[in-house]
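Inspection log for the structure reproduced underneath, given as structure tokens.
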Amino acid sequence: MHTVRRYAAGAGRSGGAVRVLAGLALVVLWSSGFVGAQLGARQASAITLLAWRYLITSAILLVGCLIVRPCFTRAEVVRQIVLGLVCQLGYLVPVYLGVQYGVHAGTVSLIAAIQPLFVAVLAGPLLGERGNALQRIGLLVGFAGVLVVVSGDIRLGQAPWWAYLLPVAGVLSLGSGTLLGRRWRASSFLMSLTVQTGTAAVGMLVIATLTGQLAPPVTPGFAVAAGWVAILSGLGGYGAYLLVLRSQGATAASSWLYLSPPVTMLWTWLMFGDRIAPLGILGLFITAAGVLLSTGDLRNLRGRISRSGR
């Protein structure tokens, strides 16, 4: 009996560590998309960068599917096409266009922070993911941390009023896709990511062609930027997002994204020399505490500490 209990306790600890590592990987890889966007903005338009990101990523995933040959049904493919339109195309295009039309990046980050709350509110009634009081407090703490991070970065913008609705639409699209993705679990993770990315690639190909922004600049800088957003954020970011969504639930997947703005801030400081305000550092710790509360890892850590003291 004691052996079984020790084995179960060890499995629980290892499972908690895996969840934390998966969540941290999601944060880093998701943040790489914003860093790559800043890197690519020096080389080409957002539409051109996104089009080539999806073309490269979908080609790599298609080769993987041809090798692995995952099994799936026609209904699953249709569902993943819908998720590709909602989670990928419907999220990134409005966000990038909002920045292009003058919405400040700090404001976009603040608007994007609404997404975890949007998912948390609807995950219970729609998916049966009943959160407790501590989880709801964690979501609010995380949102407060994001507010602190961007408060020192927001300045008066010159964008038209309707441009601010674009990132809002993107956030609502990603939140809706998160809820649908939790309900529409695919039998193959590789198939799911391939179909979603391929759908976004077709959509971006049409948009870039119609707007005359498909031809890329033939420069080493654009090649690096396109490879960055295709591999790190395209394969890594959305792959980690789908993995956490399947294993930890919609609320946890969205809560981890709270850490993306402060991590992006640190990353751009290291890579581009962007200045970090003291409020940004404070917000980083507040946001981290909120994520620990909402995902339950703070409670698991407290339990492990109490057990080790016995």
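Every residue gets a Cβ built from N, Cα and C, even glycine.
Straight from TrEMBL, the features:
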DOMAIN    20-150  domain 'EamA'
DOMAIN    162-294  domain 'EamA'
TRANSMEM  20-39  transmembrane segment
TRANSMEM  51-69  transmembrane segment
TRANSMEM  81-99  transmembrane segment
TRANSMEM  105-125  transmembrane segment
TRANSMEM  137-155  transmembrane segment
TRANSMEM  161-181  transmembrane segment
TRANSMEM  193-215  transmembrane segment
TRANSMEM  221-244  transmembrane segment
TRANSMEM  256-273  transmembrane segment
TRANSMEM  279-298  transmembrane segment
Candidate ranges 20-39, 81-99, 161-181, 193-215, 279-298 - greatest C-beta contact count to the transmembrane segment (51-69) (under 8 angstroms): 193-215
The transmembrane segment (221-244) and the transmembrane segment (279-298) contact flag, 3+ Cβ pairs under 8 angstroms: no
Intrachain residues whose Cβ lies under 8 Å of the transmembrane segment (81-99), provided they are six or more past its termini: 33, 37, 46-47, 50, 54, 105, 108, 112, 159, 163-164, 166-167, 169-171, 173-174, 176-178, 180-181, 184, 192, 195-200, 203-204, 207, 238
DSSP-derived helix, strand and coil totals, residue by residue, for the domain 'EamA' (162-294): 113 helix, 0 strand, 20 coil
For the transmembrane segment (256-273): best-contacting stretch of 20-39, 161-181, 279-298, by Cβ pairs under 8 Å: 20-39
Number of helical, extended and coil residues in the domain 'EamA' (20-150), per DSSP: 111 helix, 0 strand, 20 coil
The domain 'EamA' (20-150) [mean pLDDT, rounded to integer]: 82
